[in-house]
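Below is the structure I would like to discuss, written out as structure tokens.
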């Protein structure tokens, strides 16, 4: 490795470390523990929280409350029971952002990913929009994480 490459590598490593120290780690991932029956417009309460850095996800209401203004990635996967189909939506501040519909064949999931600009205090969750009311436990998940902060 020549001097120029060594210096460039050190600058990159230093930048990554500095950003890691200045941008807070914020992210969550949660899944359902059991099959769940949903009513009209019910929020899905993913009760098995795998990660909750920043403590933004509340399993009791199923909402993620943004602790830091920034650019976030959210994803949702959904599977209905048997050969039924269900449509859920990723919701931001009570407005549907992105629908996610399960396949109408057994044991198939569907998923969607969205990048959103969020203000501190904004809320994101997943709720039932249409079709069947029953979803499989363990195969339904909701995750999100901060990409970068905004000033």
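Every residue, even glycine, has its Cβ placed from backbone N, Cα and C.
Among the features that TrEMBL reports, domain 'C1q' is placed at 21-151. Among the features that TrEMBL reports, signal peptide is placed at 1-22.
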Average the per-residue pLDDT over the domain 'C1q' (21-151) and send me the rounded value.
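Here the mean pLDDT over the domain 'C1q' (21-151) amounts to 89.
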List the helix, strand and coil residue totals of the domain 'C1q' (21-151) as derived from DSSP.
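The composition, in the requested order, is 2 helix, 72 strand, 57 coil.
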